[in-house]
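Participant: Questions regarding the structure given below will be posed in turn.
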């Protein structure tokens, strides 16, 4: 039952999926943390895998960069393959001065400069929010592991290279914790099709201070976030 962008067979995906942007990161997660792994899709090199974590069937697949790419895959995964829980795992740039590099942010809501949710909501402003059950599961997992997390609004940008850096001042004033490029679209798709979605990101760099993590630091922090998220996933 291939779709235009996914060539997996029916039943290839688990109900719960980790959803990083980078397909090679999806491959890394599958090979590092899952058992009994099978690659189930590879259209346009957007790799997807299904395996088990502590006995529970889990899938992981790349979403690509930006809301349009993420929305295409999320739509087909939910609508055509029956995925019910999509957890984006990725990185973001911090805005607020009290958010530090290597912090883990849970996107309770996602502001955006994209018009996609207005298009699906008859021109009105749709509140793109995470699913409470998914969010609570990850928060509880973080508590058990002693992982420091921040919970709040993030911003999903259409442009990586913004022409208006003054917008960062507005974001900070409004309490936005970090900037990424997918969550608002993912949340909109999930609400449209009756699925559950959450965005969990690590701070890889600070837009205000210019501080960045090293490759080694990014990997260590990312691994901690993935384990925390997988531990939450097996409770769903």
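Just so it is clear, glycine is given a Cβ too, placed from its N, Cα and C backbone atoms.
Straight out of Swiss-Prot:
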type	residues	note
ACT_SITE	205	active site, proton donor
BINDING	5, 180, 181, 182, 204, 205	purine D-ribonucleoside binding site
BINDING	21, 25, 44, 88, 89, 90, 91	phosphate binding site
SITE	218	site 'Important for catalytic activity'
Participant: Within 10 Å of residue 180 (purine D-ribonucleoside binding site) (Cα-Cα), which of the recorded positions 44, 90, 91, 218?
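Facilitator: Hits: 90, 91.
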Participant: Taking residue 91 (phosphate binding site) as the reference, which of 5, 204, 205 (the recorded positions) have a CA within 10 A of its CA?
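Facilitator: Neighbours among recorded positions, in sequence order: 204, 205.
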Participant: Where residue 25 (phosphate binding site) and the residue listed as 'active site, proton donor' are concerned, what is their Cα separation in Å, rounded?
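Facilitator: The Cα atom of residue 25 (phosphate binding site) is 18 Å away from the Cα atom of the residue listed as 'active site, proton donor'.
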Participant: In DSSP terms, helix, strand or coil for residue 182 (purine D-ribonucleoside binding site)?
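Facilitator: In three-state terms, residue 182 (purine D-ribonucleoside binding site) counts as coil.
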Participant: Whole-number Å only: compute the distance from the Cα of residue 89 (phosphate binding site) to the Cα of residue 182 (purine D-ribonucleoside binding site).
Facilitator: 10
Participant: So among 44, 88, 218, all listed as recorded positions, which is physically nearest to residue 181 (purine D-ribonucleoside binding site)? Use the C-alpha atoms.
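Facilitator: Given the candidates 44, 88, 218, the nearest one is 88.
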Participant: Using only C-alpha positions, which one of 21, 44, 205 is spatially nearest residue 5 (purine D-ribonucleoside binding site)? These are the recorded positions in the record.
Facilitator: 44
Participant: Using a 10 Å cut-off on Cβ-Cβ distances across all protein chains shown, tell me which of the recorded positions (5, 25, 44, 88, 218) has the largest neighbour count.
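Facilitator: Per the Cβ count, the most surrounded site is 88.
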